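The block underneath contains the structure these notes are about, expressed in structure tokens.
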Amino acid sequence: MEQPSILVKILHSIPHVNYTFRRVNDTFNPDSDVYLEPTNNKLQCQQKGIELQSLVILASIPAGLLIGSLLGLLLYLLTRCCDRRQRKPSAQRCQSCSLVIITLMTCAAIGLGLYGNDDFHNGLLQAFGSGKSVEGLVLTLKRQTESIKHDLETRMAGHKVEQLVEKPHYNQTVVMLLIETSRLVTENTSRAVASLDSMVHYFMKAKGSENDTSLMGLLQLGEFYESIRWPATLAFLTVLLLLCTVLVIGVARRSRCTLIFFSVSGLFCIIICWLLAGVYLASSVAAGDFCMRPHDYMCRQVGMRSPYVDFLNCGTPRNRFILRLNESRDLVDRARESVEHMQRMSQETYPHIDIQRTLNAMDNDLEITLRNLTTLSATLDRRTIDMHYEEALRGLCGGGLLGLSLMMVAGLLTSFLLTILVYADSHAWIYLTKRPTLDADKSETAPLFPASNAPSASISPTAPLSTGTINRTLLHHQQASSGGGSGTLPGSGGGAGAGGGVGANGHNGVGPYRNGSAGLRQGLASPSSQSSHTSSTATYNNGTTSYHNSHQQHNNHLYSNHYSHSNNHYNNTQHRTNPAAGAVAAAVGVVSSGQRSPSPPPVYDLVHGTRSGHHTLGRLPSHHQQSATYLPGPNNGKYATLSKQCKTLESNDFY
């Protein structure tokens, strides 16, 4: 037998202690029934029970680490869950890099577990294959033994030599000798059949107890558990790899939901990993104890009348099957010698046609039986069983133990690294700030003026004070009013001389500006002082009155009255403007003493439809809501907008 490997020695050297931390016997003895049986040998029972306790204590070490890690995570979450202080970007980047590096290390540990799982599976399959070979050999021996027994019993009983010998004859001495020899042949044949029957009896029973199972039953049970364990372990390790992938994606996208999902899922995976690590640790130590002295454990099964280890050299003088087989063969040889002796005696006493034919048939049958027993003896050679036994040990204590040890190491590493990942991930999503979207339009939310010089006056006619946003629809209206083709407002007559005309080329009037901001600048600001602001307002009132009279004459529509009402409201608003509004207007407007202000924008409620409780996205209300305000022309009287929402302008739009 080969010497134990270094791995077997390392696993066997792990201390076996009881709950008092005293070293105990490390001999492999996994029979739990023996542990629970009350025996007279109290010391032996205590040693066996303590050995089982040592394996349980080894398995409880990862369980203790699991409890400690869960308590630490609970304390961390209780102390840090309400801490919302903003962390520096450099600290967040370092944390993300650490998460990715630890995740890669965890994936490597999981890969080691996958490799060990495959090695352990292949080793068990090799051991199961060798066990099936031994089982097949035993079944073959059983069938051959039954066949030899049946043939010997039936053929020898069918010859009926005694009836031929008992016929009346003048030489009674020869007759008595022939009858005695015939009975000796029958007796030897019966004893040979009894020996073969005892072999069949041992083949039929694996152990003496009725609760014991055969080797084939153990192999089938082991294959059933392995068919569940191998794919389940493979699926669990694959799930761990997927969770690591989810964590990397969550760190890359800075997704709080993904990181929280990993924290919750990783918590359950930590529990399973630590428990599996405990099972692998105890199993590896037990396998190391078995592989250290496997022959001793197998030979102990001889006392339990296990026929499968009876072929091994366990210190017994000879194999019991070989003994029974040799006994049967010797008895058949004696029966054959008796038949030959009967043939010699019957040649002179009985006619050849009467008894010689029967004796020759008996001799042929005994010769065939002897030949079959010789073949069976070669099959029972211990070298064949030893070959399968060595293959089974090589698969179990070689690749199988290596795979189990790798799974133990991978389980411990994965549990430890996964615990760190859950800690770091919980720290990440607690302090993680939501990253702004890349496609967000800053111009939609940026203020009109910076906070340092924001005006206190409202841009929109009906907007509250101290707001710095303006509707893009109002800009379109003012641009259309100020950028017309005529130099004076319609119906103003000599407005050019009184109020300062607006030239077509924009030299003295309002020309086209970038982003349509000319009307806005002149519609919001007065030239220089409060007096000029008052005069400009008066001029604006005269111009707008003339404009609306002319507009009423051409269109005859209800909208002109509403528009005049909005202009008057806008003029009153301009009269109530505080001095701060004048400062803002001076900063934004165009400084000219004789310029005419453009037409004021429509009422804010009319444009946005806020009176009816609906947001019309910068357009006039529909004609079915207010038929009187319906206007003919393009777009049904609605103002075209560049976006569906209000556009907040920046300072770059004006300068």
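From the backbone N, Cα and C atoms, a Cβ is placed for every residue, glycine too.
What Swiss-Prot lists as topological domain 'Extracellular' is 1-54, 117-231, 280-401, and the listing cites a curator's inference. Among the features that Swiss-Prot reports, N-linked glycosylation site is placed at Asn18, Asn25, Asn171, Asn188, Asn211, Asn326, Asn372. The feature topological domain 'Cytoplasmic' is assigned by Swiss-Prot to 76-95, 253-258, 423-655. Annotation source Swiss-Prot lists compositional bias 'Gly residues' at 482-509. The feature phosphoserine is assigned by Swiss-Prot to Ser597, Ser599.
Annotated features, which come from Swiss-Prot, shown on the structure.
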| residue | record | contacts (Cβ under 8 Å, 6+ apart) |
| --- | --- | --- |
| Asn188 | N-linked glycosylation site | Leu331, Val332, Arg334, Ala335, Ser338 |
| Asn326 | N-linked glycosylation site | Ser377 |
| Asn372 | N-linked glycosylation site | Gln144, Ser147, Ile148, Asp151 |
DSSP three-state call for Asn326 (N-linked glycosylation site): helix, strand or coil?
helix
Taking only the Cα atoms, work out how far Asn18 (N-linked glycosylation site) lies from Asn25 (N-linked glycosylation site), in Å, as a whole number.
10
Would you identify the secondary structure of Asn188 (N-linked glycosylation site) according to DSSP, in three states?
helix
With DSSP as the reference, give the number of residues of the topological domain 'Cytoplasmic' (253-258) in helix, strand and coil.
4 helix, 0 strand, 2 coil
Asn25 (N-linked glycosylation site): tally of other CB atoms within 10 A of its CB
15
